[in-house]
Amino acid sequence: MVMQKRRLWGMLLAGGAAGLWGVSGPCSEYLFRHGVDLLWLIGSKMLFGGIVLGLYCLVRDPSGMLAVWRSRKAVVQLLLFTFFGMITMQLIYFQTVAVSNAATATIMQYLAPILILGWVAVSTHTVPRRADFMTIALAMMGTLLVVTKGRVTQLAISPQALWWGLLAAVAAAGYTLIPRWLLAHYSGVAVSAWSMMIGGAVITAYRPFWERTPAMTTVMWAAYGFVLVFGTILAYAMYLVSLRYVAPTVVGLLDAFEPLGAVVAGVLFMHLRLDFWEAVGGLIILFTVGLMGVLTPKTPPHRSGVDEDG
């Protein structure tokens, strides 16, 4: 029963993070359409988000915040995650949004669960279960209906958008798989904080956000604030913590809440009309999440102690 509750908690965290990303996607698209620079947005939000998370960790658990620097292996893993997980996914996903739109970036990035499933199968020398293929197919079908309103042929993808979208899927898979060892031994919030601070500092060193600051309206600041607080600080912390409780394949599938979150936000705040096929897609996604809770094997949670061998 305890293990089942932990798995449910992990699924709620992953689904909530994906929903927040879904809402922040259109906010970022709005900023790009009004002249905000890609590196300005990514560098500033990662640096500020990392500092806020870091201060939170220092207040709640100072030793946990600094623990990662006591192990050489952990430092190497953190740097690998920062450059090949955090920074890579940020740059590629938002570049996909910039050259296309949030819907296209979302649906292309959602190829990540297939890549995750393939990697897990190869690395563990196992054949994916029939149930895995079924849940992936259902979730992708629901996602497709949500972002295309049932008119699949109207999702026009340019070669440039296709290229960046495929890279976004690879980056999203890497973001899920790379930090598994770190999250088995250290606080997910601390890992997220350090990764954001390092990544934000690197991007800011290349493109200082205080130079060429865009002229921002009140609406643009509100959109930026949502991307920073909800789409960065909360979403990334929730996502990384969820990996302590559920398998990466399940976390990848729960990304289906990303397009669903975008649609719900549009209906509530932007007077978007939800048509029949969008509603059907949302119901399919929710059904898939419930199905995963039944079909996912019960695996023991990861250890939380620091590996002294690192």
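Placement of Cβ uses the backbone N, Cα and C atoms for every residue, glycine included.
Keep in mind that what you see is a predicted model, and the values were worked out from it rather than measured.
According to TrEMBL:
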| type | residues | note |
| --- | --- | --- |
| DOMAIN | 8-147 | domain 'EamA' |
| TRANSMEM | 38-58 | transmembrane segment |
| TRANSMEM | 78-96 | transmembrane segment |
| TRANSMEM | 102-121 | transmembrane segment |
| TRANSMEM | 133-150 | transmembrane segment |
| DOMAIN | 161-292 | domain 'EamA' |
| TRANSMEM | 162-182 | transmembrane segment |
| TRANSMEM | 189-209 | transmembrane segment |
| TRANSMEM | 221-243 | transmembrane segment |
| TRANSMEM | 250-270 | transmembrane segment |
| TRANSMEM | 276-295 | transmembrane segment |
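Helix first, then strand, then coil: DSSP counts for the domain 'EamA' (161-292) stand at 106 helix, 0 strand, 26 coil. The DSSP breakdown of the domain 'EamA' (8-147), given as helix, strand and coil counts, is 125 helix, 0 strand, 15 coil. Counting only same-chain residues 6+ beyond the ends of the transmembrane segment (38-58), those with a CB under 8 A from a CB of the stretch are 28, 31-32, 64-65, 86-87, 90-91, 94-95, 98, 187, 189-190, 192-201, 203-204, 206-207, 209, 212-214, 224, 227-228, 231-233, 236-237. Computed over the domain 'EamA' (8-147), the whole-number mean pLDDT of the model equals 84.
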